[in-house]
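Report on the following structure.
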């Protein structure tokens, strides 16, 4: 999809990469077989948790209480296996004792064959019942994986072996129970990455475009260098948390090959993962990566690794000699957890083959539909509606005798500006729905305020069609209703713009956006105050003294023509300032 989203970034940075942080709700069925959380760390070797059972012998149909206890932990996965084949499927099923802290999982198509945590809250003890099946083996052993936090976990802690009556004694050594995975070696880089070969030897993506990773700590840099049948990947950027890139068949999240570099405890962990939808990424084995290295210096994090172009038989790793959209993102991380990014990731405008001829490319942090949506809303609710309101409220006497297409000039200008506002709002309103394919559930109050603004923007011209004649008794009610709805729409629109500027899909630079929008509001309110004061001062010149009381005439008189030049000057200055604010915002959107 050429203009659809940058939602993968929404994904890349919702992640929590610890076993528990990735799956705080305990839905870890993908780990049922190996019982290994793929964190990129080695598991602990000395268990500090124990499993106890209520009896050591059992018959099919028995229910045995199983207790897991020890140091505080956040996550766990408990299973029963055939003690003579610990790599086989789970045996039997479990019954919960406290469903508030634990839940049943379906592993190997056996319902309730495993138990896991329900949340990431700390626990010191878990109790469940194990139900012995009719086909139970002679010897059954309980195994548990326990996660204390991201880099501290234990895999397949062996529990008691329970046996059926008259079974031969079980003699398999416990040492075979816990296979500890090993990690590929990681070395240290000695100098910053260079962008001098970008477009010549390296395929480079940078944010901002053409930034220098050797000189700019804020430069997010990604390069691919082909070397025969492998590709060397370099990635660098701010060391505040993590860097990531992903290869995607489209600009939507799901079925994507992602790679992460996470800064934790003065170390950088390099981790491949894959994305299966709008959910947390699934961490994969690092066995597919070679020559891994990293460096932390001067506020910059660097990581590099080598990967074969093709990996036959390896799931979730894409062949690199195919064209993909490339996502590049960075964000905060703490204790191994990656937090949602404050800005959409950069996504290339089109698909690229990183093994093809070297290129030096950029991308955009916002999808075209959302950029157009924001631009049209700024034009409508910063400029056209604001000028239209001023013209109707303060310039009737100025252009009362000037006519345009058979109507008073002020009225025609007001009507054209308000009609333009309604049309722009209608066009902009549908764009997020087209982009999201429906309602946006992650945009806070912004879409709700937008719907209110859209409704009022459509009702205003419909109401104007039924405007009563000038001297009709209902005219005053119309005027108040028209003014109230218009004022409400403008206030809500400003609130929606404030909120919309912070949404990931159109996240304008933090350093100035709030000040600029506040400046626009102050500019408009200040102009209205100046014109109100000016109108009041003119009205004082036509006061009528009646029984020692001053009555202010509500209609303008010929005396007010003295201020026409002043009003026109104020309007000209206001329009220049308004357009300046508009250009600032439109320029910022264009550079996303």
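Every residue, even glycine, has its Cβ placed from backbone N, Cα and C.
Taken from Swiss-Prot, the feature transmembrane segment covers 2-22 (among others).
For 13-179, the entry in Swiss-Prot reads domain 'Reelin'.
Other Cβ atoms within 10 Å of the Cβ of residue 138 (N-linked glycosylation site) number 14 in total over all chains. As annotated by Swiss-Prot, N-linked glycosylation site applies to 138 (among others), with the evidence given as sequence analysis.
Around residue 308 (N-linked glycosylation site), the same-chain residues at least 6 positions away in sequence with a Cβ under 8 Å from its Cβ are 229, 230, 231, 288. Annotated N-linked glycosylation site per Swiss-Prot: 308 (among others), in sequence order, evidence recorded as sequence analysis.
Per Swiss-Prot, N-linked glycosylation site is recorded for 321 (among others), and the stated evidence type is sequence analysis. DSSP gives residue 321 (N-linked glycosylation site) a coil state; it is part of no helix or strand. With a 10 A radius on its CB, residue 321 (N-linked glycosylation site) counts 14 other CB atoms from all the protein chains.
What Swiss-Prot records for 335-534 is domain 'Cytochrome b561'.
The list of residues near the transmembrane segment (372-392) in space but at least 6 beyond its ends in sequence, with Cβ under 8 angstroms from a Cβ of it, reads 410-411, 413-414, 417-418, 420-421, 424-425, 427-428, 431-432, 453, 486, 489-490, 493-494, 496-497, 500, 506, 520, 524, 527-528, 531, 571, 574-575, 578-579, 581-582, 585-586, 589. The transmembrane segment annotation in Swiss-Prot covers 372-392 (among others).
Look at residue 446 (heme b 1 binding site): DSSP puts it in a helix. Listed in sequence order, 496, 499, 500, 503 are the same-chain residues at least 6 apart in sequence whose CB falls under 8 Å from the CB of residue 446 (heme b 1 binding site). Here Swiss-Prot flags 373, 446 as heme b 1 binding site, drawing on similarity to another entry.
Under the three-state DSSP scheme, residue 414 (heme b 2 binding site) falls in the helix class. Feature annotation from Swiss-Prot assigns heme b 2 binding site to 414, 482; the stated evidence is similarity to another entry.
Sequence annotations record features per position, and here Swiss-Prot assigns transmembrane segment to 415-435 (among others) based on sequence analysis. If you look at the transmembrane segment (415-435), the same-chain residues 6 or more away from its ends with a CB under 8 A from one of its CBs are 3-5, 367, 369-370, 372-374, 376-377, 379-381, 384-385, 387-388, 391, 407, 443, 447, 450, 453-454, 457-458, 460-461, 464, 505.
Annotation comment: Swiss-Prot describes 446-466 (among others) as transmembrane segment, evidence class sequence analysis. For the transmembrane segment (446-466), same-chain residues at least 6 beyond its ends with a Cβ under 8 Å from one of its own Cβ atoms are 381, 415, 418-419, 421-422, 425-426, 429, 432, 439-440, 478, 481-482, 485-486, 488-489, 492-493, 495-496, 499-500, 503.
According to Swiss-Prot, the feature transmembrane segment maps to 491-511 (among others).
Swiss-Prot lists 515-535 (among others) with the feature transmembrane segment.
Taken from Swiss-Prot, the feature transmembrane segment applies to 569-589 (among others). With a threshold of 8 Å between CB atoms, the same-chain residues lying at least 6 positions outside the transmembrane segment (569-589) that come near it are 366, 371, 374-375, 378-379, 382-383, 386-387, 390-391, 395, 506, 508-509, 513, 516, 519-520, 523-524, 527, 530-531, 534.
Residue 373 (heme b 1 binding site) sits 26 Å from residue 482 (heme b 2 binding site), taking the C-alpha atoms as the reference points.
With residue 321 (N-linked glycosylation site) as the anchor, the candidate recorded positions are 138, 414, 482, and the one with the nearest CA is 138. Rounded to a whole value, the Cα-Cα separation of residue 414 (heme b 2 binding site) and residue 138 (N-linked glycosylation site) is 88 Å. The two recorded residues residue 138 (N-linked glycosylation site) and residue 482 (heme b 2 binding site) have their Cα atoms spaced 83 Å from each other. Sequence-distant neighbours of residue 482 (heme b 2 binding site) (same chain, six or more apart, CB under 8 Å from its CB) are 460, 463, 464, 467, listed in sequence order. All protein chains included, residue 414 (heme b 2 binding site) registers 22 other Cβ atoms within 10 Å of its own Cβ.
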